[in-house]
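Taken from Swiss-Prot, the feature domain 'Obg' covers 3-160. Summarising the annotation, Swiss-Prot assigns domain 'OBG-type G' to 161-337. Sequence annotations record features per position, and here Swiss-Prot assigns GTP binding site to 167-174, 192-196, 213-216, 289-292, 318-320. Residues or ranges marked as Mg(2+) binding site by Swiss-Prot on the basis of sequence analysis: 174, 194. Taken from Swiss-Prot, the feature domain 'OCT' applies to 355-444. Marked as region 'Disordered' by Swiss-Prot: 457-513. What Swiss-Prot records for 458-497 is compositional bias 'Basic and acidic residues'.
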């Protein structure tokens, strides 16, 4: 496990796309007007992060960072709705923090079973049966499913422990965790043996708490030297700190007092999240380890008075000989109990059932200028959740669907706001502000029942209805009269040439009357 511990990873999550609605008409013998029967599309699956007690690392997400939920199924005829896509549940360790690509805190997952919907799936499109109304009895179109949300998530694990053991490498922190609990971390006689945080559960009387063995710190850890920045964040959740000092250190330039000052300096330089207690202000205990070595006992007697001046209790212990551990465990239990008692009691959440807002009802129309100084152009941009969602649901290959979109925008008040912003017929209008924005030339909507008179799948408002000018009308009238005179001359020439019969002449006389 020590070589495969991963506590930071970037996940590319993609929610499932919603299924398209179905545009179909009921067909049955002796029922010529069966009506629309297209079903709705299914909802896309969500990508969900869930705390799993059996998961202790983000290794699986590092190996497979791209996670996509299944899409919703398409609607079908006979009022058959498409099936929803299954949710993709990803297990993460307890204490996982979820941030956006910009660094915004999205979720802090603490406690088994805690869930966070990381990438919601798209909603399914409505079938033509759901779109039928008194004016549009048999829609020849259906709405498309919405695409699922796609985003990058930065996951970070911060160890959940009550007490953190900090100190220089080879100070005996792992041995101390193994002696206090049933944990079996890797222990060796060389520095930086511990490369991952090790957790152990300690029982002192009626108090049960967890202890974390943080990898060794060195001067400059808060600036990234050694393994400092990678594992100092695992100390953030601890309510108390235990300084483990090496009493049997053989280096001439180090002693327990200088080691304590160096570690305190690094803890003070480390910046915690907003609202958290700084590391240097948290309760602490000082432990001189390796008391089984004669030189360590002598060193403890020399520096004990200087260490007690720091304002923290000092314990001389031996993780190998198991001496002084009982007193140390009860001292740590007192700090944990005091911290737990100081926490405010959790107020039971009152469950209130109320309608959930679908989305933001508002929108905004802005005037934009673009281009160089010599060729300045103007366009109008419509921003809002509803217009953007409606555009995503529209099948622009179907004229009737485009007309339905125009009606929805007009009822929402978009056209009125475009007029107020100075838009004129033919102006460039953009809906949305992302890569899926739609650009079109705006024409005011006609409400004279065009959606009723048009054929299925068409909209008369999208056809060419340009009115001729006065000169064009005069020219058309002259051409009509000239064509009429030409036709009469041709008929007269045929009659004089003897091509007409008596019956033809009788018909001509009747037409003249």
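Here the Cβ of each residue, glycine as well, is placed from N, Cα and C on the backbone.
Here the structure is a predicted model, which means the values were calculated and not measured.
Shown here: features listed in Swiss-Prot, placed on the structure.
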residue	record	DSSP class
167	GTP binding site	coil
173	GTP binding site	helix
215	GTP binding site	coil
290	GTP binding site	coil
318	GTP binding site	strand
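On the 0 to 100 pLDDT scale, the domain 'OCT' (355-444) averages 83 in the predicted structure. In the structure as shown, the Cβ atom of residue 173 (GTP binding site) sits within 10 Å of 31 other Cβ atoms. Helix, strand and coil content of the domain 'OCT' (355-444), in residues and according to DSSP, is 31 helix, 22 strand, 37 coil. All protein chains included, residue 170 (GTP binding site) registers 20 other Cβ atoms within 10 Å of its own Cβ. For the pair residue 167 (GTP binding site) and residue 174 (Mg(2+) binding site), the C-alpha distance works out to 11 angstrom. Local packing around the binding-site residues 174, 318 was summarised as the count of other Cβ atoms within 10 Å of each Cβ; on this measure the leading residue is 174. Residue 174 (Mg(2+) binding site) sits 9 Å from residue 215 (GTP binding site), taking the Cα positions as reference.
The Cβ neighbour count for residue 290 (GTP binding site), using a 10 Å radius over every protein chain in view, is 26.
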